[in-house]
Amino acid sequence: MKQLLTGQQPQAVRPTQKPWSGLVEHYRPWLPVGERTPIVTLLEGNTPLLRAPALEKRIGRGVRVFLKVDGHNPTGSFKDRGMTMAISKAKEAGATAVICASTGNTSAAAAAYARRGGLRAFAVIPDGYVAKGKLAQALLYGAEVLAIRGNFDQALAITRTLAERYPVTLVNSINPYRLQGQKTAAFEVVDVLGDAPDWLCIPMGNAGNISAYWMGFQEYRKAGASRKLPVMHGFQASGSAPLVLGSRVANPTTVATAIRIGNPANWAKALAVRKESRGHFTSVSDGEILAAYRILASEEGVFCEPASAVSVAGMLQHASEIPSEAQVVCVLTGNGLKDPTTALENNQSNLYTNLAPEPDVIAQVMGL
Ligand SMILES: *Cc1c(COP(=O)(O)O)cnc(C)c1O
């Protein structure tokens, strides 16, 4: 900019790094793909690990907080990490159609990757409980969306049955390739920090992602790519907290629709993660979730969806337990634009409407 202002010609910058190739190519030796696997990619992964100074100031004691901003993925959520693997492997096996149950993001990711790979995509969703942006994505990507009068858990049960009976490949997180792709997020965190963090804070719905992160951290440590393992802190919304309560929730409720799940598909895996990492599962209220959601946007400039703010709400609830100088990574699973309704209904900003198009009128409203 300075050069431009002084009239000097800017020098072309020679690229020093290869352009990002998508997470399967980048982490190929760590993933179950072969020479002949057709890789279906939208160049997912390589998402920002962003320092969070406002949160650090709230916590103090030299604690360093990082946000893994996975809403930067191609369809706006971490689900893309698993879907590049699941769709590539489905295609390799000769599948022509995939099916998922979804609170929204899985359907958007499945649709995008399936259509790019030339497959049909079916999504079974709970009618009325999928955020607008997610439904819009799934439909525009070309998914065939089946909305049931029921919740996610019922949708998943139906989807499992259909995948057993008909030639459609299930791409929910019980598909093992999903977790393989998702574990790369842990690799990326270690690749940036140089080691695993002390704490990992993450929302849990079906608990596929917490299981995938743990797998990634463990594999890296076994290979000598990191020295330590994080303590895994999994958080659920208090109206949908089966893993915290230790029993199924028949009618889960929460503003965080992405994790409105009463019977997590990866229950046993999640309990193993908690045990092995000496971790903790706790719940946060919808009020705490929305408070964290507003702090992230208005103090850090990061617009995530309510389910993602759960990791920060949980961290803040447990702030006094974080060791001094520790490094904490909060996983922000999805983009805020997915759910404009919640943003419009839960901000504390002023929207002045119906103003006369006059500078004096505007200045007065501005308080000038
Ligand atoms: C899917 C999802 C989750 C929950 O992930 P699980 O693997 O089901 O625990 C959290 N946040 C967002 C935005 C999601 O889309």
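These residue numbers are counts, starting from 1, taken along the chain as shown.
Even glycines carry a Cβ here, placed using N, Cα and C.
All TrEMBL annotations are machine predictions without curation.
Thr333 is the residue from Thr333, Thr341, Thr342, Thr353 that TrEMBL records in the pyridoxal 5'-phosphate site together with Asn105, Gly205, Asn206, Ala207, Gly208, Asn209. Taking the mean position of the Cβ atoms of Asn105, Gly205, Asn206, Ala207, Gly208, Asn209, Thr333 as the pyridoxal 5'-phosphate site, the remaining same-chain residues with a Cβ inside 8 Å of that point are Phe78, Ser173, Pro203, Met204, Ile210, Ala258, Ile259. All protein chains considered, the CB of Asn209 (pyridoxal 5'-phosphate binding site) has 28 other CB atoms within 10 Å. Looking only at the domain 'Tryptophan synthase beta chain-like PALP' (40-334), the predicted model's pLDDT averages out at 98. When the binding-site residues Gly205, Gly208 are compared by the number of other C-beta atoms lying within 10 angstroms of their own C-beta, Gly208 comes out lowest. Cβ neighbours of Thr333 (pyridoxal 5'-phosphate binding site) (same chain, under 8 Å, six or more residues apart in sequence): Asp70, Gly71, Ser77, Phe78, Asn105, Ile202, Pro203, Asn209, Ala258, Cys304, Glu305, Ala307, Ser308, Ser311.
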